[in-house]
Amino acid sequence: MKEELIDRLKRYAEIDTQSDPDSESTPSTEKQRDLLNLLKQELEELGLQTDIDDNGYLFATLESNIANEVPTVGFLAHVDTSHDFNASNVKPQIIENYDGKPIQLGDTDRELNQEVFPAMKSVEGHTLMITDGTSLLGADDKAGVAEIMTALTYLVEHPEVKHGRIRVAFTPDEEIGRGPHKFDVKRFDADFAYTMDGSQYGELQFESFNAAEATITCHGVNVHPGSAKDVMVNAIKLGERFDSMLPEDEVPEKTEGYEGFFHLMNFNGTTEKAQLKYIIRDHDRERFEARKACLLEIRDQINTVYNNDPVEVDMYDQYHNMAEKINEVPEVIEVPKRVFKKLGIEPNTEPIRGGTDGSQLSFMGLPTPNIFTGCDNFHGPFEYASIDVMERAVEVILGIAEEIAQPTDK
């Protein structure tokens, strides 16, 4: 299984599938179809029924091999890679039996070391796939793709392993927040699903942030600075004032666990007009709503000083905490917990300080927790995958399929 995972991840990683946040098409880049078409071919070679729609959502079915009816389970992974770093000409490297010492990344001056990345201590002795330092690896989420494909291959080649109906989806544009936007839950036709899009060994995630994005637009009055007294309103100064009125400790670099934050992503402008872009995050719905209200209150406080209401706030919700929906169907979490226990894996159920496709899918009627893939340091040249942990992820997929096929009278 290890060699199959290495081969799959390497082949998939070498295909450039970077998504583009500035594109309005779906998928946002045509090159994502290169991997989707390859996966369609590989799925059909396994004998699975497949279909891919115009938006690049590839669905496949492995039919049940048992007589009794059990829930249909889905497994999902996204094919696109992050736009935060170079994703072309990816050259995966293999490190056997990682000894814990610093690893130079190709001919660059970059290196993987445990002082900077202490989580690497947990993968000592493992086989790692890393980059050559010039690109990201794309294990987010091609490791998940490889794990699902490897598990399907095993089930096809081992019919003695009993399972119900399994649905698989490989999707575009997760990295730009649009993964589920055109996902047809009805067409997918599963009772619940799991995204294989987590990170470190043991992660079983069913709590995500509530998320919103806000654009603050400040309108100034620009006149000649020599005659500006009591006339000029500097939009940049308005933006600075707005940001200074937010709680200074409620920012990403000072929060953890269940603590939410305001994150100023971008600030640019001139005397005449300035814009600030924020993301707002909190696990608790009430605190989340209070954070959004805080932005509106600051707007109102500044606007009361001026006659022309120079500050505008445009805000929209991106996704909500999937725990609200997943907790309504506790078996969705109990199944993988039982599988983890059988496999000797201690589940890490800490909340995601982010979101997954499952965050949106759960509110679209498809409860979808997230499971580890064995990768870390996403979105940059320090990304790596533990092939050993990927093997365990495949075992989890197989275990879930078997667990669901068990009689329900236990």
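Any Cβ shown, glycine's included, is placed from N, Cα and C.
In the three-state DSSP classification, Asp80 (active site) falls within coil. If you look up Swiss-Prot, you'll see Asp80 marked as active site.
Sequence-distant neighbours of Glu174 (active site, proton acceptor): residues of the same chain at least 6 apart with a C-beta under 8 Å from its C-beta are Ser19, His78, Asp80, Asp141, Asp197, Thr356, Asp357. Summarising the annotation, Swiss-Prot assigns active site, proton acceptor to Glu174 and lists sequence analysis as the type of evidence.
According to Swiss-Prot, the Zn(2+) 1 binding site annotation covers His78, Asp140, Asp197.
The feature Zn(2+) 2 binding site is assigned by Swiss-Prot to Asp140, Glu175, His379, with sequence analysis given as support. Of all Cβ atoms in the shown protein chains, 26 besides its own fall within 10 Å of the Cβ of Asp140 (Zn(2+) 1 binding site).
The region 'Disordered' annotation in Swiss-Prot covers 11-30. Listed by sequence, the residues of this chain that lie at least six past the ends of the region 'Disordered' (11-30) yet keep a Cβ under 8 A from its Cβ atoms are 38, 55-56, 79-83, 87-92, 129, 137-139, 142, 145-146, 172-176, 178, 181-182.
A separation of roughly 8 Å, to the nearest angstrom, links the Cα atoms of His379 (Zn(2+) 2 binding site) and Asp140 (Zn(2+) 1 binding site). The Cβ of Asp80 (active site) has 30 neighbouring Cβ atoms from other residues within 10 Å, across all protein chains displayed. Scoring each of the binding-site residues (Glu175, Asp197) by how many neighbouring Cβ atoms lie within 10 Å, the top position goes to Asp197. Mapped onto three states, the DSSP output places Glu175 (Zn(2+) 2 binding site) in helix.
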